[in-house]
Amino acid sequence: MLFNTFVVTALASLAAATPTRRNEPAAGSCSTGELQCCKSVQSADSKSLTSLFGLLGLVVGDITGLVGVTCSPVTVVGAGGAQCNAQAVCCNDNSFNGLIALGCTPINLNL
């Protein structure tokens with residue numbers, strides 16, 4: 001009886017101490033949006049972007065946050081292949097073929 005109690009207690013302790021996988025994003029990855037490398041990142045209300053928004057038919061008042069300009073996707077992070085010689089950002093909307101990306105947040109690829 002004492003042996004059975006010991007076995008049950010030991011198994012319960014092992015089960016409680018077993019590590020579980022955490023679903024946290026890796027360094028240099030985006031929890032929302034896509035990882036992009038943009039030549040410049042500017043505020044949406046920047047005067048230099050106003051004419052570009054007009055050409056794309058975007059209403060300036062509807063755009064908030066940071067805007068990436070001339071962006072390309074970063075595909076390999078952490079394997080020595082992720083390089084961005086400009087500004088790495090996570091962007092929510094890159095539906096303008098890399099010309100601009102909307103809703104960007106700067107990130108650090110060197111973590």
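The backbone N, Cα and C atoms fix where each Cβ goes, and this holds for glycine too.
Annotation source Swiss-Prot lists disulfide bond at Cys30-Cys90 (among others). Its Cβ placed at the centre, Cys90 (disulfide bond) has 22 other Cβ atoms within 10 Å.
For Cys37-Cys84 (among others), the entry in Swiss-Prot reads disulfide bond, with the evidence type similarity to another entry. Contacts of Cys37 (disulfide bond) defined by a Cβ separation under 8 A and a same-chain sequence distance of 6+ are given as Cys71, Ser72, Pro73, Val74, Gln83, Cys84, Asn85, Ala86, Gln87, Ala88, Val89, in order along the sequence.
Around Cys38 (disulfide bond), taking its Cβ as the centre, 25 other Cβ atoms fall within 10 Å, counting all chains. Feature annotation from Swiss-Prot assigns disulfide bond to Cys38-Cys71 (among others); the stated evidence is similarity to another entry.
Per Swiss-Prot, the feature disulfide bond maps to Cys91-Cys104 (among others); the stated evidence is similarity to another entry. Summarising the environment of Cys91 (disulfide bond), the number of other Cβ atoms within 10 Å of its Cβ, over all protein chains shown, is 25.
Taken from Swiss-Prot, the feature signal peptide applies to 1-17, supported by sequence analysis.
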Could you list the residues of the same chain, at least six apart in sequence, whose Cβ is under 8 A from the Cβ of Cys104 (disulfide bond)?
Gly33, Gln36, Cys38, Val41, Gly65, Leu66, Val67, Gly68, Val89, Cys90, Cys91, Asn92
